[in-house]
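*Asks:* Sharing the feature lines straight out of TrEMBL:
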REGION    409-456  region 'Disordered'
TRANSMEM  33-49  transmembrane segment
TRANSMEM  61-79  transmembrane segment
TRANSMEM  91-111  transmembrane segment
TRANSMEM  204-224  transmembrane segment
TRANSMEM  273-290  transmembrane segment
TRANSMEM  310-332  transmembrane segment
TRANSMEM  374-399  transmembrane segment
Amino acid sequence: MKNEYEQIMDKFAAINERPVDNISMELFYKPRTISLFIVSFFSLMYFSFIRNEDNADDNIWAGACCVVFFFVIISILAFPNGPFTRPHPAVWRIVFGLSVLYLLCLIFLLFQSYKTVRQILVWIDPGLEHFHIDMDKEYGVNCSDVNLEKIWDHLDAFALAHFLGWAFKAILVRHYGICWTVSVMWEITEVAFAHLLPNFTECWWDALILDVMLCNALGICLGLQVCKMLEMRDYNWVGINEIQTTTGKIKRAVLQFTPSSWTHVRWLDPNCTYMRFWAICQLVIFWQVLELNTFFLKHIFEMPPTHPIVIWRLGFVGIIVAPSVRQYYMYVTDPGCKRVGTQCWVYGAIMASEALLCIKNGKELFSHTQATNIIVWLLIQFLMSVICVSGCVMWTIYFQGDKSKAHVSSPEKLSKQNSLSSADEGDDVSKGDAEDSSGNIRRRLVYYDDNDSARS
């Protein structure tokens, strides 16, 4: 019988360094530390001795790339993989390692002057030297002149980015109430900070119709529909070594990049504690801060929205958000989980460091801050978070109480519901239908080989 400390450590290990279950190909999971050491240092010797060292900038760039390379190797060897193991734990160790490296870079930049930070960015991309934000450009003009042609012109790449971004957020959060709260509150955030960021100034129909009711709404619906579809599947995996055909093995390799299970998520519960309630309110507010960091960083350090640094940062932050939200969810909803996961901790540190970097280097910009706007924004953020989360709790109590009781009939199912998609190691499957205990039709995945003979 495990004591309380061992149970807490088991809970933490499940979200911080989840083991791989049912390994069918030991070749990809057997440690190769000595081989990796030999190959990496022979490569280091080769490239450091034969390259031309006449250009100092090239030397610095090559050295920085080599530091990142070895930090990634150390990440694979020493860092935790978090709650996911697919497609391979090494992938998520690299993600964690790069997030730590990004955090260290942010901390380094905090101790540099604005001029030095700009020089570093110009060194990375000389094209930024002559780029400046046009503060005189007008946004949100002629808002009373509304026609289909004008609306169509606004459906550009940024509208597509809105749609895809909210689909991705919905897949991560998997809760209509939280997603809609963040969506509406972000438009309020844009209004509050429009005096600092001119591109936040939008026409009412752009913010309300195109953003909230069209792009955001469709993205949320698509993301949650994908979650529902994946949740309805019953995953039965077969070892890749048991698959005899080449086509089946190729399918198995492709399916390695998909989740091995997808379970129901319960952010809010009729019997949830006040701590859980406030933690979800914090999630809503922190999401706003992270979004603000994106716009303030590119505005203060003067980068165009389509610059590779901006795009790569968005993509990278999107990747590290996935395990972070999973770890935060388990910390909030599982009473046995007493520690937040390391990836979630690093993610929070990145968010705070980016905000500090913006405040430190944007003193001139923030000197024009309208204190009334910010105070009102903070109050609205707090009140809207409390009201919306309370509404979600009331909805759960009065409209989903009986359904949840019917759906969760045992402690095992309840604990199963208190997890997001796990990235367990598993193997190949195909489709069929089966009925679960609650009467819902679930798609069962069963692998079929080239001779159409089912394998169980």
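Using N, Cα and C of the backbone, Cβ positions are placed for all residues, glycine too.
TrEMBL does not curate its annotations; it predicts them automatically.
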*Asks:* Examine the transmembrane segment (273-290) against the transmembrane segment (374-399) and state whether at least 3 Cβ pairs sit under 8 A, considering only residue pairs 6 or more apart.
*Replies:* yes
*Asks:* Taking 33-49, 91-111, 310-332 as candidates, which has the most Cβ pairs under 8 Å with the transmembrane segment (61-79)?
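*Replies:* Most contacts with the transmembrane segment (61-79): 91-111.
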*Asks:* The transmembrane segment (310-332) and the transmembrane segment (91-111): do they have three or more Cβ pairs under 8 Å, with pairs 6 or more apart in sequence?
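*Replies:* Judged by the Cβ rule, the two regions touch, with the required three close pairs present.
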